[in-house]
Each structure stands twice: as C-alpha cells, then as structure tokens.
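Asker: Sharing the feature lines straight out of TrEMBL:
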DNA_BIND  29-49  DNA-binding region
DOMAIN    1-53  domain 'HTH psq-type'
DOMAIN    66-138  domain 'HTH CENPB-type'
C-alpha cells in the first residue's frame, strides 16, 4: 500500500505560477504536480478554476475551456493580488518588510503580464501601505540601557587624554564587531491596522561575524573583516580569497576572538570592553605608538562610534 501523500496548501503565488506554466508554457500536469508536491488532479483543478482564482485581476468573463492565455491585467489588479499575498503571509505569521513587498509586487507584475510600467519605488510602497491600511510593528526587541553619566565622564576623560598626547582625529580609530545572522527574518513586519501585535518566530542561527574599523575623520577605512565557520565556504569555490572585497577568516563558532588590524604610525584604537577582546598590553605595539583604549561598561550604545549608524547601514 502506497504511503499517503502529505497535504500541501498552495500559496497564491504558487497557484499563479502553476497556471502560467501550464497554460502559457505547456508544461505537463505530471511535471508540475511532482515539482509542487500536489496531486495531478489538483493541477487540473487549478487550470479549470483559473477564472475564479484570478477574478480580482481579470476584467472579462472568458470560458476556462476556451481561454489559452490570461487577459492582461492592470496595476490595480496586481495590487489586489499583492494584498491577498500579504494577508496570507501575515495569517501564517511570517514577518513582511517593505523590500519584500516591492520584490513580490515585481513578481506579480511579471507573472500577470502587465504591460503598464512599474518600478516598485518607495513612493509606490508608501501609497500602497496607505491604501490598504498597512503599518509597521515591532516583532520583538530589547532597547539597550546605557549609563549616560558614565558616558559623559568618559567623553571628558578621553578628550583630555587625546589633548595630552596631542592626537588628532585622524589618529583615533574605532573598531567594532557585530553578528550578521544572514538567514534571519526581519525584526519588524508590515501589518494590517487590525493586528494589535506580531507574534515572534524561530530565528535562524546561521551567523557571520563582521568587524568594521575606521579613523574618526573617515579618511582611513580599514578593509572589512568577516569571520565564518567554514575555512573556505562552498560559495567561494573557484574564487581566490585574496580577491574578496573583505578579509575572510574562519573560526568554529564564528566569534571575534582577536584583532590583528595594523594601523599605521602613532594611533589609538577605541574598543568596547567585550570579554572576547585581548588585554590592552596584547594590543600594544612594542614601541607603544599604537595602543588601545577601552570603553567603560554600559556606555557602548551611547558613544560607541560604529554603533551610531555605521554597522546598521552596512547591514542594509
């Protein structure tokens, strides 16, 4: 006795794709059924019901049996399909970001064969959200509490230190590492006005560690450092590591555990006091001309230079 096939619920965009590939490209029912994990009868039903499925994007009543290509749709039809997709994904609890909406809008524009020009601009996105009552919700988050008093004292202390050593902003560097969970879903989601909150979801733990470093004036930006788990990831096959736009290192846990960036001439490197960082003596050159200065605890979110928008812009 054959095993019972697992029930598959097709999303709206998959139904559109199946219909297009079957009707417009002549792909076989068996091939589509195997690819999408559904029964052949399901594919046949979709083809027969294409008028009903696309009733909000089709302006004319055309017999499914006689129709060989779908009627060209308008941008308003595309938005209707897009909003249906949006509602379905929110019901499934999937976080949706603005760029995701734009990409899916372009997908519908292509697959619905819309002849009108469409750019999926930020202006269009704003108007689409306004028309459909979509707003942005925080899924989860924790605001860092910073010690404002300690930060103020450190600023005075550090400025006095720089004046004493006659160091200019060109000689003051800051380096900071950050985790890049490159498979993680957005921390915010677009949501309908009726949604009061956005439930959380299981996050991917696939992580890279990146380190940014620059002097205070921005005139000297150190090459980006990236640390991953694999010595040479499969995606780097056939690539000379020295030609990468970053310095890549590997570590089993993909955490930053040392700093080997050479900074020319006399300089001070400002770092946060993370436990993984070496001691001040370890990061001091033999002649004492290059050394580190650690931030005090609990002030990083307030005065760490790289945390003031540099790393967040890099991750976008």
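Just so you know, glycine gets a Cβ as well, placed from its N, Cα and C.
Mind running through what each feature is packed against?
Answerer: Regional average pLDDT for the domain 'HTH psq-type' (1-53) in the model is 79.
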Asker: Counting by DSSP, what is the helix, strand and coil composition of the domain 'HTH CENPB-type' (66-138)?
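Answerer: DSSP classes over the domain 'HTH CENPB-type' (66-138) add up to 41 helix, 5 strand, 27 coil.
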Asker: From the DSSP assignment alone, can you count helix, strand and coil residues within the DNA-binding region (29-49)?
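Answerer: Residue counts for the DNA-binding region (29-49) by secondary structure: 17 helix, 0 strand, 4 coil.
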